[in-house]
């Protein structure tokens, strides 16, 4: 299992809230047969499963604390091991949020093949999030909160991008255009991995 994981294609997908990275991940899954893993989704699924780990996570999250890195990595690894035989590769969405997380991931799971940086400007992301807020009813889609989320995102992400740029595995996609425009750039990068 360990060996298989190490040989898998692993793509970190990084992009701000409203950059459209979720949509791009869905399209990658359809076209390339990759498995899309979002740490947020994994955490939510674990909590609603009512498992012992889920109960522990629920308590941590209710206090507004960060889930321990160890736990997040264990969950990612379990999810990857479960799919390693059938998946063409893995999209790790919203991770790593800091350099240390990336280093730990490599120690425990494997090296990323590529970091796909879905890059949209702050105005575009704000506009998209406000639009989503009209229909989603998500409490975190209002202008004040969005500003804070973007600041947090930039602060956390810049060192991560710089870290992987040194290795030459960052592929930046301009996410200002339409979904299809962005996806054609994504495909250009992914097609080189065959």
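Note: Cβ is positioned from N, Cα and C throughout, glycine not excepted.
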Matching range for Swiss-Prot feature annotation, region 'LID', among 131-141, 142-152, 153-163: 131-141
Listed range which Swiss-Prot flags as region 'NMP', given the options 8-37, 38-67: 38-67
Separation of alpha carbons, residue 97 (AMP binding site) and residue 21 (ATP binding site) (Å): 15
Overall pLDDT for the region 'NMP' (38-67), taken as the rounded mean: 88
Nonlocal residues around residue 20 (ATP binding site), in sequence order (Cβ under 8 Å, 6 or more apart): 118, 120, 128, 175, 179, 182
